[in-house]
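Quick look at what TrEMBL lists:
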type	residues	note
TRANSMEM	16-34	transmembrane segment
TRANSMEM	46-63	transmembrane segment
TRANSMEM	84-103	transmembrane segment
TRANSMEM	115-133	transmembrane segment
TRANSMEM	154-172	transmembrane segment
TRANSMEM	184-206	transmembrane segment
Amino acid sequence: MPVKYLTPDYSQTLRWNDILTSMYLLLYLSFLYYNNLILSIGHSDSLYNILGLAALEFIKYSFHVSRTKTSFYKHHAKDFIKNVLVLLLLFATIYVVAVLFGAPILSDFEETCMFSLIVTTFTALPLCLYFGGDNTVHMFLSLASYDGSDVQKLFMLKLRLTLFGAWLGAIVIPLDWNRPWQDWPIPCSVGAMVGYMVANFVTSLLQHQYFAKFIRKTGKYML
């Protein structure tokens, strides 16, 4: 059954998903940092890590559906191809936007592709899973001014903060510090991950606030 508004069980499940996302991204980034693997971001060596993060998005969505028995968007077999095409389209769009913002067109093709894959994993993939391809495209086209449902607004916040984190990471690239981690696309990729991590933490707090109001109003508590 589709849902457009936050209900207690729906909100609680999303909140736990968001908390777990913040935790495993913090652990992942800490692991990369303490093992001097930050420099591998942006190279094909990190492809399996990104695919693992994408797999976690599928696992979270499956848990969400199994726990709530509801979803905003009901998937059909015929929509699979559409969602794949939307993901490819947005992947290419992110690549082009990165080039327009100064990324090398061909000389760092692998690095720019990996950056696009990271951003797609944390933005387009969750949106396609929860809302379908058409809604995903609409949300990307409505970044500046979007007025959707309560659930969509939470995901829009994640989308905006992830893209903002990627943009913010670019600030350190031109600085004359001569640090290896300043190379494209390391700062932007890390910025996107941090942005997504922070976004999930913020949305978990927002849903906690909503859930606290529900408890005060009804006196009921739900796990």
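Cβ coordinates are placed from backbone N, Cα and C, and glycine is handled just like the others.
Bear in mind that TrEMBL entries carry predicted annotations, made automatically and left uncurated.
Sequence-distant residue pairs (6 or more apart) of the transmembrane segment (16-34) and the transmembrane segment (115-133) include fewer than 3 whose Cβ atoms are under 8 Å, leaving the two stretches without contact. Long-range contacts of the transmembrane segment (184-206) within its own chain (CB-CB distance under 8 A, at least 6 residues past either end) are made by residues 14-15, 17-19, 21-22, 25-26, 28-29, 38-39, 41-42, 98, 103-104, 108, 111-112, 114-115, 118-119, 122, 154, 157-158, 160-173.
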